[in-house]
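First the structure, in the form of structure tokens, and then the observations on it.
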2 protein chains.
Amino acid sequence: MVVNNKVDSLSYDVEAPPAAAGDTTPQPPMQHHHQPPQQRREVLELHKVSVPEPRTTAKALRQRLAEVFFPDDPLHQFKNQSSARRLVLALHYFFPIFQWGSEYNPRLLRSDVVAGLTIASLAIPQGISYAKLANLPPIIGLYSSFVPPLIYSLLGSSRDLAVGPVSIASLVMGSMLREAVSPDEQPILYLQLAFTATFFAGVFQASLGFLRLGFIVDFLSKATLTGFMGGAAIIVSLQQLKGLLGIVHFTSHMGFVDVMTSVVKRHDEWEWQTITMGLAFLAILLLTRQISARNPKLFWVSAGAPLASVIISTILSFIWKSHSISVIGMLPKGVNPPSANLLTFSGSYVALTIKTGIMTGILSLTEGIAVGRTFASINNYQVDGNKEMMAIGIMNMAGSCASCYVTTGSFSRSAVNYSAGCKTALSNIVMASAVLVTLLFLMPLFHYTPNVILSAIIITAVIGLIDVRGAAKLWKVDKLDFMACMAAFLGVLLVSVQVGLAVAVAISLFKILLQVTRPNMVVKGLVPGTQSYRSVVQYREAVRVPSVLIVGVESAIYFANSMYLVERVMRFLRDEEEKALKANQSSIRCVVLDMSAVSAIDTSGLDALSELKKILDKRHIELVLANPVGSVAERMFNSAVGEAFGSDRLFFSVAEAVAASQCKPQA
Amino acid sequence: MVVNNKVDSLSYDVEAPPAAAGDTTPQPPMQHHHQPPQQRREVLELHKVSVPEPRTTAKALRQRLAEVFFPDDPLHQFKNQSSARRLVLALHYFFPIFQWGSEYNPRLLRSDVVAGLTIASLAIPQGISYAKLANLPPIIGLYSSFVPPLIYSLLGSSRDLAVGPVSIASLVMGSMLREAVSPDEQPILYLQLAFTATFFAGVFQASLGFLRLGFIVDFLSKATLTGFMGGAAIIVSLQQLKGLLGIVHFTSHMGFVDVMTSVVKRHDEWEWQTITMGLAFLAILLLTRQISARNPKLFWVSAGAPLASVIISTILSFIWKSHSISVIGMLPKGVNPPSANLLTFSGSYVALTIKTGIMTGILSLTEGIAVGRTFASINNYQVDGNKEMMAIGIMNMAGSCASCYVTTGSFSRSAVNYSAGCKTALSNIVMASAVLVTLLFLMPLFHYTPNVILSAIIITAVIGLIDVRGAAKLWKVDKLDFMACMAAFLGVLLVSVQVGLAVAVAISLFKILLQVTRPNMVVKGLVPGTQSYRSVVQYREAVRVPSVLIVGVESAIYFANSMYLVERVMRFLRDEEEKALKANQSSIRCVVLDMSAVSAIDTSGLDALSELKKILDKRHIELVLANPVGSVAERMFNSAVGEAFGSDRLFFSVAEAVAASQCKPQA
């Protein structure tokens with residue numbers, strides 16, 4: 001069947017009138033009785049607007065909830081399986097190690113051992129450094145690189161994730177806890193709070209996964225994260241000026257202004273031996289980073305550089321025995337002591353630890369999930385976001401009882417893990433074993449490791465988080481995204497990490513709400529040579545249909561935009577009528593609302609349509625709707641609005657609506 | 001041109017290939033060089049995807065801001081006018097009274113005087129009653145029915161709005177202020193806080209209008225307002241049990257449980273004369289309400305009943321001189337005393353007054369705007385929401401300096417105003433004059449008015465806010481809207497007015513976010529007898545295209561749903577492939593994403609498309625896009641994604657995409 005824009009030149013056969021409200025059964029061919037055949041100028045073949053098969057309320061609710069909470073349909077693989085097979089699958093589901101473990105072979109082992117040792121060489125210096133970032137003793141960073149990777153290798157579904165402390169979560173934990181408790185004056189209390197916050201982070205993460213609320217992390221948009229990470233990286237780097245310059249009395253604030261003031265004011269404390277050593281190693285580390293970035297096969301250059309720097313600088317410092325270079329000092333030997341007795345769930349700091357736990361929990365989750373997804377997509381396998389959250393959450397809950405602070409999948413170490421050719425989560429076990437050997441036997445060697453080298457390692461690690469090219473791309477593609485990015489960046493840099501994050505989330509939500517409140521609405525015309533009606537702004541060749549205004553609505557119609565919809569249509573109408581008046585054309589007789597892109601409608605939206613119809617009726621202009629989608633059609637037929645529009649004002653397509661309204665005898 | 005679903009039976013002419021990235025100039029007819037004519041099975045006439053004319057960043061931003069803040073284009077009427085005419089128009093714009101005043105005539109005056117006197121007869125008893133609801137002296141209610149209506153008649157653009165105190169805002173102000181200050185123990189402080197809160201309400205309202213943020217009131221959806229109003233009406237009615245039963249020692253809490261406990265516990269204070277009189281007048285008032293509801297021409301029956309009840313009950317009470325019936329008592333004569341000196345902007349209550357001001361401000365604004373719009377639509381004129389907000393805001397700021405508390409357009413009185421045949425805002429001036437006469441000469445007459453009659457008037461007024469039929473309609477049409485309604489209702493009833501309102505707004509926002517996070521995605525098929533591809537769930541007769549999966553995305557693609565999009569497409573693909581395997585059909589070779597309903601895309605969305613393409617490429621499945629709308633096409637061509645898809649993977653329509661992908665030689 002053909003609906004042409006030159007209606008008068010064609011003749012149509014009546015096949016079926018548009019369906020009446022709620023009528024979904026096929027109808028026999030039927031004549032329009034009010035148009036006796038001899039009077040018809042042309043006959044349209046009209047297609048009826050269907051509605052989906054009626055569902056019970058319970059079924060509709062179940063489907064809706066399934067789509068919200070189980071979009072990945074995790075139980076799919078259990079369908080049509082014997083119960084023994086189901087048990088095995090469930091074991092595989094909850095402990096992925098049984099899945100890949102059963103297919104393990106020596107060839108995989110070789111790759112995993114190489115990868116595991118490579119990331120261990122990075123994890124040990126980074127662990128020590130990041131613990132300092134969180135104002136914790138360096139040994140906690142090593143503890144946190146031992147127990148959590150072991151737990152993750154049992155539960156995690158990513159092959160490439162390298163687990164341990166990360167810079168952003170360490171920074172946030174450090175800055176939030178230090179606001180209430182000084183780590184120098186009350187070290188035990190500070191440790192208690194850190195472990196308790198880690199426990200809450202784990203509980204929060206596991207609950208998100210268990211309640212299948214994983215989509216919450218999606219609300220931290222990439223744009224805001226770019227800004228947030230960039231700002232945090234600068235904050236972290238600025239904090240390293242303490243170690244890099246050898247300043248003893250450093251500000252405890254994080255803001256850009258405070259730190260720079262402190263740096264300038266304490267210039268008498270600048271320590272030139274430290275500065276020389278720090279800058280030299282920083283230059284070497286940045287150089288190796290560049291080498292690996294230019295040639296990905298040389299990934300081991302930058303992966304091994306931190307450990308090499310630690311070894312070389314420790315030897316230098318041991319030979320010099322200079323008192324002006326501050327060193328890590330005595331570290332206790334031995335594996336993680338239990339710390340469950342340090343968790344405190346009462347007293348005046350509960351609110352603080354819960355808040356810190358949620359903040360670090362969501363940040364580390366965001367990083368872990370993003371890293372897992374990135375490498376899963378590179379290697380073409382799937383990670384289940386909610387299951388990953390449970391794995392990370394359980395890992396942190398267990399970690400908090402074994403002297404570990406908050407951990408997750410680290411982007412830098414996972415990248416090295418991937419480059420080094422890891423095949424399974426066994427590389428985490430290898431890494432943990434290397435950390436174990438360090439903890440048991442090598443701790444005294446760190447005695448003379450200069451603190452300045454840790455600062456250089458941190459700066460090298462976080463400098464990669466400043467993504468200027470990403471920000472430039474945002475500016476080019478989406479100005480509002482760029483604004484969100486800059487707001488988060490400046491918020492972190494000038495106010496505080498929490499404010500930066502809050503601003504970032506608020507802007508992300510505001511952007512969604514703005515789009516919902518002011519949806520796109522376009523005037524459509526016929527694209528020559530087709531039967532398609534498209535925006536006349538986008539397709540400049542599109543031709544408007546005389547005396548018919550076709551408006552496309554490109555959004556769900558909600559309470560938040562229903563008034564705008566009415567206003568905007570009236571404004572289009574006014575503009576068109578002014579144009580018609582000037583050009584001496586006939587005025588608008590019919591408004592066609594193209595509903596193809598209206599994905600949903602609520603009760604306010606339905607009221608707005610009735611309202612618009614009433615206003616247009618008073619001006620003797622007809623309002624017809626074209627192509628309402630399933631849920632919208634269903635809802636219209638369920639309410640009085642469907643009846644108000646009736647079967648002769650609902651059309652299958654814009655083309656049919658135009659054809660029908662054009663061949664109507666003019667009033 | 002015709003694109004038929006039986007591609008092989010037709011032959012097409014190449015007219016133009018789809019446009020390359022950023023290419024929007026018309027192209028000459030051109031041959032596909034990689035397909036020599038003798039090898040072509042068929043030739044497609046393809047239409048290129050256009051992008052809107054390039055705009056500068058500044059222009060795009062200007063257009064965007066104009067759409068957000070000036071969707072009604074308020075300066076339209078000033079275009080192409082002389083400067084003298086512009087001055088007159090500006091005067092009309094800011095003071096609508098000059099517009100209608102210049103065309104005023106005696107016939108209009110007669111209608112307005114009748115309407116004004118009718119609403120005065122309602123406004124006087126309601127003013128006294130609502131002031132008591134806000135824990136304020138009754139005289140404040142009369143003051144508030146005098147100055148604000150005068151100011152509104154100068155500035156307001158609605159002809160039908162009857163201005164004065166309203167029940168919900170009175171209740172909220174009363175309950176919020178009483179939490180901090182007892183109106184009985186510190187009456188002067190309470191009065192200060194009430195005026196200051198009114199001032200802040202005015203500032204907030206006027207700022208919303210001035211900053212053109214009027215759309216914020218649209219976020220209180222009709223569904224949540226239905227629930228909120230219903231709950232508030234019950235709370236208000238319960239509070240009236242104090243007056244109706246004559247209880248002296250009544251709870252100062254608002255919750256359902258507290259009030260009922262208090263009523264039962266204080267049964268020894270029940271006063272039978274009061275109860276008899278109250279129930280009798282309540283019955284009469286409800287009866288007159290019914291009469292007017294059944295026959296709108298008898299609107300004056302319910303409009304006059306409150307004043308009649310006050311007069312009759314006052315006479316009865318004067319004759320009886322019973323000490324057991326509590327009466328209003330002495331009221332001061334005279335017009336509004338100035339109260340600017342009572343406004344306090346420092347001290348410990350500033351936060352409370354600001355909070356109360358914002359809450360009552362937004363609630364009274366919502367009522368005022370809704371009432372204004374309702375009657376404007378009935379009488380076919382426009383009210384400018386932002387200008388109305390400024391008018392209401394200025395009215396409240398001025399009111400707070402003239403002993404008035406927060407006022408707005410009242411629904412019940414505006415309905416009476418409309419029924420009584422008001423023609424202009426002059427009816428408000430007439431009403432204010434009647435109130436003035438009352439204030440100057442009639443105040444002693446209220447001495448013996450029983451308090452119980454005020455309770456009966458309040459109950460009669462608020463009972464209409466309980467909209468059971470509206471709630472039932474919500475249940476029928478939209479279960480989620482109904483849940484929001486019930487949550488607001490129960491929140492107000494069982495916890496507090498503020499909690500109820502917060503819950504209502506939170507659910508409204510959550511609903512929007514949920515829709516954005518989990519957008520509709522549908523599998524499409526060809527509707528027989530058309531070239532339209534529609535959801536196979538909605539149109540059960542639609543036929544899937546073999547080995548092509550067509551997915552329609554019905555939402556903007558955002559950071560919040562981009563991961564879901566990828567997951568959902570992969571799930572559709574899995575289901576389709578399982579089906580194909582069972583039916584022994586060929587597997588999917590091509591996925592067509594129908595982008596017609598994708599109203600916008602952000603950087604995360606663009607990344608998700610690249611991601612999806614990469615995943616499908618690995619499985620040797622082609623991903624093509626059909627009909628991206630203007631802003632989406634523009635953004636794709638501006639980013640690397642457009643290049644990744646290239647000109648041969650972007651199609652004008654689904655039909656062309658299917659035709660093109662079907663006639664490709666199979667790999």
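Just so it is clear, glycine is given a Cβ too, placed from its N, Cα and C backbone atoms.
TrEMBL: automatically predicted annotations, no manual curation.
The annotation domain 'STAS' is assigned in TrEMBL to B:538-661.
Residues annotated as region 'Disordered' in TrEMBL: B:13-39.
For B:136-155 (among others), the entry in TrEMBL reads transmembrane segment.
Listed as Cβ neighbours of the transmembrane segment (B:189-213) (distance under 8 Å, sequence separation of 6 or more from its ends, same chain) are residues 69-70, 134-137, 140, 173, 176-177, 180-183, 339, 342-345, 349, 352-354, 356-358, 360-362, 364-365, 385-401, 403-406. What TrEMBL lists as transmembrane segment is B:189-213 (among others).
Counting only same-chain residues 6+ beyond the ends of the transmembrane segment (B:270-287), those with a CB under 8 A from a CB of the stretch are 243-247, 302, 305-306, 309, 313, 316, 322, 324-326, 450, 452-453, 455-457, 459-460, 463. The transmembrane segment feature in TrEMBL is assigned to B:270-287 (among others).
Taking Cβ pairs closer than 8 Å, the transmembrane segment (B:299-320) reaches residues 118-119, 121-122, 124-126, 277, 281, 284-285, 288-289, 291-293, 327, 415-416, 419-420, 445-446, 448-450, 452-453, 456-457, 460 in its own chain, all 6 or more past its ends. Positions annotated as transmembrane segment by TrEMBL: B:299-320 (among others).
If one looks beyond the transmembrane segment (B:340-365) by at least 6 residues along the same chain, the residues whose Cβ comes under 8 Å of a Cβ in the stretch are 166, 168-169, 172-173, 176-177, 180-181, 189, 191-193, 195-205, 208, 216-217, 220, 389, 392-393, 396, 400-401, 406-408, 498, 501. Annotated transmembrane segment per TrEMBL: B:340-365 (among others), in sequence order.
Sequence-distant contacts of the transmembrane segment (B:425-446) (same chain, at least 6 residues past either end, Cβ-Cβ under 8 Å): 96-97, 100, 104, 108-109, 112-113, 115-117, 119-121, 123-124, 127-128, 138-139, 142-143, 145-147, 149-150, 152-153, 156, 158-159, 161-163, 310, 314, 328, 331-336, 417. Here TrEMBL flags B:425-446 (among others) as transmembrane segment.
According to TrEMBL, the feature transmembrane segment maps to B:452-472 (among others).
Marked as transmembrane segment by TrEMBL: B:484-510 (among others).
Residues or ranges marked as transmembrane segment by TrEMBL: B:545-566 (among others).
Beyond the transmembrane segment (B:545-566), the same-chain residues lying 6 or more positions past its ends with a Cβ under 8 Å from any Cβ of the stretch are 5, 513, 515-526, 533, 535, 572-573, 576, 580, 585-605, 607-609, 611-612, 615, 654, 658, 661-662.
Long-range contacts of the transmembrane segment (B:452-472) within the same chain, counting only residues at least 6 positions beyond its ends with a Cβ under 8 Å from a Cβ of the stretch, are 125-126, 128-130, 132-133, 138, 167-168, 226-227, 229-230, 232-234, 236-237, 240, 242-244, 246, 274, 277-278, 281-282, 285-286, 289, 306, 309-310, 313-314, 325-326, 328, 412, 482, 485-486. On the 0 to 100 pLDDT scale, the model's mean across the domain 'STAS' (B:538-661) is 85.
With DSSP classes pooled into helix, strand and coil, the tally for the domain 'STAS' (B:538-661) is 63 helix, 22 strand, 39 coil.
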